[in-house]
Amino acid sequence: MLVSYNWVKEFFQDFPLTAEELGEAITRTGIEIEGVEELSASLKNVVVGEVLSCERHPDAEKLNKCLVQTDEEEPVQIICGAPNVAAGQKVIVAKVGARLPGGLKIKRAKLRGEVSEGMICSLAELGFESKVVPKAYADGIYVLPEHVETGVSAITLLGLDDAILDMAITPNRADALSMNGVAHEVGAIIHQKPAQPTEPDVSEKGKADDFISVEVENPTETPYYAIKMVENIEIKESPLWLQTKLMKAGIRPHNNVVDVTNYINLLYGQPLHSFDYDKIGSKKIVVRSAKDQEEITTLDGEKRILQTGHTVITNGTEPIAIAGVMGGEFSEVTETTTTVALEGAIFSSSSVGKASRELYLRTEASIRYDKGSDAWKVEKALAHGGALIAELSGGTLVGGVVEVDNREKAVNKIETSLTRINRILGTEISLSEIETIFDRLGFVLEVKEDTLIIEVPTRRWDITIEADILEEVARIYGYDEIPVTLPATSTTGGLSDSQKARRVMRAYLEGAGLNQALTYSLTSKKDATRLALSDEKTVALSMPMSEEHSHLRTSIVPQLIRSASYNIARKNMDVALYEMGTVFYATEGDNLPIEQEHLAGLITGNWHTADWQKTPKPVDFFVLKGIVEGLVNKLGIEAELHWKQIEKEELHPGRTASIQLEGKEIGYLGALHPAVEASYDLKETYVFEINVKALLDATKEKVVYHPIPRYPEMTRDLALLVDKDTDHATISQVIKEHGGNLLVDIELFDIFEGESLGENKKSLAYTLTFLDSERTLVEEDVQKATNKVVEALQAKLHAIIR
């Protein structure tokens, strides 16, 4: 947010800080100031001039020869190329010797044989961005009001003797998205109460009820909606003070009605919207949910397709505005407007945020509604806006408002204690200092023995728990005043077994070719339930920053999918990621959620890229399966993993398996469903997710060192014909159980399916390796062990030896 230093000073009688000092002070209290720009730093010798005469340059069609009176005794001749320059205008003149932004210095010059002693300036030449210059002056010079005195400083007149503070407002401090909010923050810093904005004293006539009525169908989405009427208005340019305030805040002036709504938004942080009353086409406004595929053409001339869940303002039949986002072209205020219906409302942040994101339409209004606003300042903002429109347009302010009010006001009181504040902050703040801090913040403090009861004003809706109060105390007391303390301990530092295991896991996965990812624990309601290991309920935030970050995740995989999609959209086609992080499950009542540490991974694209030696190898199920099995081996886990084919929503039904260890399911591994891959523009993609605690709790095998075998091993190949639904894990287990002590390895080297084998049959071929560390094996030993294996396979699995 761009904040005018001079505007801040208007809230206080005696302001003690320079712009630079103010920026530093605000940063120290927790709101970052990204920069302070002195607008007049590169401006000098710029005054108001009056164009006495204007005629075409004799040798150039696009140049004008102007005689201009400035603060000098005699008028000067200036050659000007602006298409809108004319005699009788009050203009901005950079005199000879003047300095302008970009290092430009004005000199006496000759243009096509005619002397030019200065320059008539556009706003862009004074440093204003082109996007904030009024459209009427976008391609020419800026024409000042006729009443402006000739010869005075244009720098002062345009408010350029000012500094702009660029404030980086975090989502939790949306109260500072207004000048009133900034003034309260500054007041707490300099220990002064800011003056409250006052509306013009304009008499009212008539009743708003005679003009319009209001109906709200969903009070949850629209707790408050009101209309203020102003009639007999004249649409014209806003006064210079209003235009300059808007331009310095990065907003383009339009006319005296639209500019007032933008000004009130800046002043109070409360969006207003103006309708041309005569274009509404009805004497009734209905606020309702949009119908699916309903259409509206917005003020930017774009046709928008609405969805269920968007809130719209209608004339009872068709939409005239998207609530909290943008008005409709249908009811736009234009030069012919004579009566304005001024809207002031509170819309739910979720509804506005949803519409803004889905329509790709982010406005100053939607930003404030999405981040939250003070529900109890809307009447003040609406009254001020209506009175100011009446004053600037010469209109008649209609008495009263038409409103629907479903707000519920609750006093926000939070308890803490002086002892607790000092213990947590590590300070020795006295009670009198605490009282001063809350007085500076504008909070009401009640002391009952050692208990402090703090009543928080509605303008600070971000403060809801004790920790917020402690943060406010720390901010105003001064982070740099809090003493640095170190914990006293005599315990020698070291890594726990679980910390060592986690390091081993990370090192192994990175060695296997995966890159570590770090994603948000916050996600959308939709993603919160996707691909979870457990069916437990999700955890919703009470005050989410947005709908996209409204729930705590129950699985890491959806975030990795988004990360892969982001990379592939930027032509990074081979992606291999892993993340070790926390997932959350809801508990009954107000108990804290269950937290579990999970490990998740994703691979897509080619596992081996092509070079002069080999062709590229795409990722597949067995690549990721091998990585997971290698991880278990690296951790020294005694039990083997077992894989069981399962079906899981959003995963491929034929390429998904549960991961089982010591008889418990600890995770899953599989390919994404083709529909999911298509929705994220992914090619074949494989994912896994494992409960880390289950891995770390598994029995670790003791490391036993054996000498390298002195005797040779012997192998036997077995080809089995079995039912199609008999899996490799089952066959391998039977072989292990009956192979005896001499069997040291089993390797599956071939799988074949075909009509020649018979219906629902498949052939699997294994190599069995036998070894005796004490002596050389003889044929009889190996044959005896092999026969036992064959008999067991025939008896238990009805296998046919081929």
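Just so you know, the numbers here start at 1 and follow the chain as drawn.
Note that Cβ sites are derived from N, Cα and C of the backbone, with glycine treated the same way.
Here's what Swiss-Prot has on this protein:
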- Asp462, Asp468, Glu471, Glu472: Mg(2+) binding site (BINDING)
- 40-155: domain 'tRNA-binding' (DOMAIN)
- 409-484: domain 'B5' (DOMAIN)
- 709-802: domain 'FDX-ACB' (DOMAIN)
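Listed binding-site residues: Asp462, Glu472; maximum Cβ neighbour count within 10 Å falls on Glu472. The average pLDDT for the domain 'FDX-ACB' (709-802) in the predicted structure is 90. Break the domain 'FDX-ACB' (709-802) down by DSSP state and the numbers are 33 helix, 32 strand, 29 coil. Asp468 (Mg(2+) binding site): 15 other CB atoms within 10 A of its CB, across all protein chains. Taking the mean position of the Cβ atoms of Asp462, Asp468, Glu471, Glu472 as the Mg(2+) site, the remaining same-chain residues with a Cβ inside 8 Å of that point are Asn172, Arg460, Ile463, Ala467, Ile469, Leu470, Arg475. Around the Cβ of Glu471 (Mg(2+) binding site), the number of neighbouring Cβ atoms within 10 Å comes to 16. Taken through DSSP, the domain 'B5' (409-484) splits into 34 helix, 17 strand, 25 coil. Within the domain 'tRNA-binding' (40-155), the DSSP-based counts of helix, strand and coil residues read 11 helix, 53 strand, 52 coil.
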